[in-house]
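Below you'll find the structure, written out as C-alpha cells, and then a few comments.
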Amino acid sequence: MSNRNLRSSTNSEFSEGQHQTPSSDSSGHGEDQPQASPGPNKKSHTPKKNISKGAVLHEKPMTVMVLTATEPFNYKEGKENMFHATVATESQYYRVKVFNMDLKEKFTENKFITISKYFNSSGILEINETATVSEAAPNQIIEVPKNIIRSAKETLKISKIKELDSGTLIYGVFAVEKKKVNDKSITFKIKDNEDNIKVVWDKKQHNINYEKGDKLQLFSFHLRKGNGKPILHSGNHSFIKGEKLLKESFEGDGYHKGPKQVVALKATKLFTYDSIKSKKMFHATVATDTEFFRVMVFEENLEKKFIPGNTIALSDYFGMYGSLAIHEYSSVSEVKSQNKEDSSSSDERLIEHLKICDLHLQTKERLVDGEFKVYRKSTGNNCICYGIWDDTGAMKVVVSGQLTSVNCEIGNTIRLVCFELTSNADEWFLRSTRYSYMEVIMPEK
C-alpha cells in the first residue's frame with residue numbers, strides 16, 4: 001500500500017428479561033403438558049393444548065406493542081407448529097410463545113395488539129387457539145419507552161446466566177466459539193466478551209449449520225446444572241435463529257464495469273477530507289449474502305442511496321486499496337429487493353472485525369475499521385497519539401490533520417474507519433490517512 005497516496009498532505013432480545021424465572025419443568029421435557037393452575041377467573045372447560053404445566057390463565061385484555069417475531073417452526077418432531085415473539089407494555093416486555101399459526105400476521109413488528117385469555121408461565125406468555133388477539137383500537141395505542149425496547153434487545157452476560165437457578169429459560173444472542181456434531185445432537189461453545197458456556201441442540205428438532213464466528217440467537221433454552229457445570233439444553237419449544245459471519249472481500253485495484261448488487265449495511269456521516277478544495281465524502285459498508293465490502297463514496301448526493309437496508313447496484317466504480325470507490329461517473333441505482341430480510345436490521349448483520357491481537361499478527365499493511373476503547377492520550381508535533389484496547393490487546397493510534405479536532409478523551413469509545421495499519425521497527429500501529437474518519441461513540445441514554 002502506498003503511504004504517499006494514503007496519507008493526507010498535512011498528515012459496528014436482552015437483559016434480565018432475556019432470561020425468565022425457572023420453568024416448572026427444568027428438564028425441558030414437560031413444557032407442553034396440558035395443565036394450568038386453578039384460579040377464580042378460570043373456566044374449567046378452557047382448553048390448555050400446548051400450554052406449560054403450572055401456567056396461569058389471564059382473561060383480562062392487555063394491549064402490547066410487537067417488537068419482534070420469529071418465523072414459524074416445527075416442534076414435537078415436526079408434529080406441531082409455533083413461533084416466538086417479544087412484546088412490550090408501557091412498563092415491561094415479555095417473551096411470548098404462540099401456538100396458533102393464524103395469528104402470525106397479528107404479530108408484525110411495531111403493530112399494537114390486544115391479547116386476552118392467554119397464559120403466563122413463569123413470566124413467559126403462552127398463546128394457543130383459545131386466546132383472543134386483535135388489533136388495538138386507536139384509543140388503545142400505548143407508548144412504549146425506549147429503555148424498555150432497548151432492554152428487550154440486550155443479552156444477559158454468560159457469567160450472570162450461570163448464577164441463575166437450574167431450569168431457567170434463556171434467551172440471548174451469542175457468538176459461536178466451537179462446534180461439535182454427534183449422532184443425536186450438536187454441541188456449541190458460545191461466548192461473549194467475558195465468558196463461555198456449552199449449548200446442546202437436539203438434532204431431532206432441526207439440523208442447523210452454523211460455524212465458529214457465526215452468531216446464534218437462542219430462544220427458550222433450559223439452563224441445566226448437572227454435575228455442577230452449567231449448560232444450556234434445547235427443549236420442546238427451543239429455537240435457534242442464526243446469522244452467518246460475513247467475510248470481508250477486497251476489490252482489485254482499477255476500473256470495474258459491474259453491476260454489483262449489494263445491500264447497504266451502514267454509512268458514516270458526510271465529512272470533509274480536503275479542506276483546501278472543500279471536498280467531502282463518506283464511507284459505507286455493503287454486503288452480498290456471504291461477504292462484505294468497504295466503500296468510499298465521493299459524491300455527496302448519494303447519501304440516501306446508502307440507507308441501511310437499501311438494495312443497490314453499483315456500476316463503473318474503481319477498486320482502491322481493496323475498497324470500492326464511487327465517483328462522479330459511477331452509477332448507484334436502487335433495486336427492488338426480493339428478500340424481506342434485506343430491509344430488516346440490515347445494519348446489524350454480523351461482519352468480521354479484526355481484533356487487536358489479529359492486527360499484531362498481520363504481515364502487510366492494510367486498512368482497518370473498528371471500535372475501540374481509549375486508555376491513553378498524548379499530544380505531539382501536529383498529531384495526537386492514542387492508546388486503544390479491546391478484550392484481546394492494545395495498540396497505538398496516531399491521528400493527524402483534521403482529525404486532531406475530534407474531541408476524544410480517555411475512557412471514550414471511538415470508531416475508526418479507513419485507518420492504515422503500518423509498522424515502525426517491530427511495532428504495528430494505526431495512523432490516519434487522507435480518507436480516514438473518526439468519531440466518538442456516545443452511550444445511549
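Heads up, the Cβ atoms here are built off N, Cα and C, so glycines get one too.
The compositional bias 'Polar residues' annotation in Swiss-Prot covers 1-27.
Annotated compositional bias 'Basic residues' per Swiss-Prot: 42-51, in sequence order.
Summarising the annotation, Swiss-Prot assigns domain 'HIN-200 1' to 46-243. Looking just at the domain 'HIN-200 1' (46-243), the mean pLDDT is 91.
Swiss-Prot lists 244-441 with the feature domain 'HIN-200 2'.
Taken from Swiss-Prot, the feature region 'Disordered' applies to 1-57.
DSSP gives H84 (site 'Mediates interaction with TP53BP1') a strand state. Feature annotation from Swiss-Prot assigns site 'Mediates interaction with TP53BP1' to H84 (among others); the stated evidence is experimental evidence.
Close to H283 (site 'Mediates interaction with TP53BP1') in the fold, though at least 6 residues off in sequence, lie A267, T268, R294, V295, M296, V297, D369, V417, C418, Y435, Y437, each with a CB less than 8 Å from its CB. Sequence annotations record features per position, and here Swiss-Prot assigns site 'Mediates interaction with TP53BP1' to H283 (among others).
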Relative to the Cβ position of H84 (site 'Mediates interaction with TP53BP1'), how many further Cβ atoms are located within 10 Å?
25
